[in-house]
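Just below is one structure, and these are the notes that go with it.
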Amino acid sequence: MSETATWQPSASIPNLLKRAAIMAEIRRFFADRGVLEVETPCMSQATVTDIHLFPFETRFVGPGHSQGINLYLMTSPEYHMKRLLAAGCGPVFQLCRSFRNEEMGRHHNPEFTMLEWYRPHYDMYRLMNEVDDLLQQVLDCQPAESLSYQQAFQRHLEIDPLSADKTQLREAAAKLDLSNIADTEEDRDTLLQLLFTMGVEPHIGKEKPTFIYHFPASQASLAQISTEDHRVAERFEVYYKGIELANGFHELTDAREQQQRFEQDNRKRAARGLPQQPIDQNLLDALAAGLPDCSGVALGVDRLVMLALGAESLADVIAFTVDRA
């Protein structure tokens, strides 16, 4: 395909046909399990507070709103889906567009397809098993292996991420020739993420999908803290062939604690010179009303299709990437 023929799709028609078949297979997977498909808004008056996520922002001007209302394209359908769960919908899944104003490349596009689902009364491990079932069905891969975050660091970096101080983390970074970044970084979780990305990720999920679970409590996000070890959160991620595929939680149900985490995120944003984000009060109200004990996971569909087709880039499985949109 000529590089100048930008009117043409980035993916081939045969690949788009295969993609459609995978989307249908995903829907059958959940239909067979009695999980309800839902649709939620792509825009919201509130957004994520995570310091590592950057949402797109737009402005609505219409009848009754002459001054305009700020709206954010959703980075994930999580908040709306939790409101449905609190309203009593039962197990749900969604295939939807999500948007992040971040990088673009082989594994990233600002607009992408997300598969997100929630299972009331599932703990983290039971949901991990279901994710594994889906991956085996779509990718025809081996059953996954599982490592705790602590085990992964000890195996590949010979350091305990739960007890190491910042000096020890910088020493580990120096062994990876990352001192130019690590020596000026004061945030411990950013150091851990640097080590994980550069020192752990390249070694996991080569032959089979790998679950990494029990992330540090400081990286809990919207996950519960483990009742067995308060140093870790009931959160997991899935990696396969160099790609992060999914991120899941045993979901936090405490509205007050969730609000405190959002506020802490905004304080971190302010310290880094980033804009503070509006907190989703509707989500907090839903948690206060009673979110059922549940686990949920978000999975990147474009990356899943890329792996299933043996493609080299998301551009091979997306009809029009952002540079052709």
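Positions of Cβ are set from backbone N, Cα and C atoms, glycine also.
According to Swiss-Prot, the substrate binding site annotation covers Ser76, Pro77, Glu78, Tyr118, Glu251. Long-range neighbours of Glu78 (substrate binding site) (same chain, six or more residues apart, CB within less than 8 Å of its CB): Glu116, Leu222, Gly296, Ala298.
According to DSSP, Asn109 (ATP binding site) sits in a coil region rather than a helix or strand. Per Swiss-Prot, ATP binding site is recorded for Arg100, Asn101, Glu102, Asn109, Glu244, Leu245, Gly300.
Using CA atoms as reference points, the binding-site residues Ser76, Pro77, Tyr118, Glu251 were checked against Asn109 (ATP binding site), and the closest is Ser76. For the pair Glu102 (ATP binding site) and Glu251 (substrate binding site), the C-alpha distance works out to 26 angstrom.
DSSP assigns Glu102 (ATP binding site) to coil in the three-state reduction, placing it in neither a helix nor a strand. The substrate site is defined by Ser76, Pro77, Glu78, Tyr118, Glu251, and by the 8 Å test on Cβ atoms against their centroid, the other residues of the chain that qualify are Tyr79, His80, Met81, Lys82, Glu116, Leu222, Gly296, Ala298.
The two recorded residues, Arg100 (ATP binding site) and Glu251 (substrate binding site), have Cα atoms 22 Å apart. Neighbour list (Leu245 (ATP binding site), Cβ cut-off 8 Å, at least 6 residues apart, same chain): Leu135, Pro209, Val238, Tyr239, Leu299, Gly300, Arg303, Leu304, Leu307.
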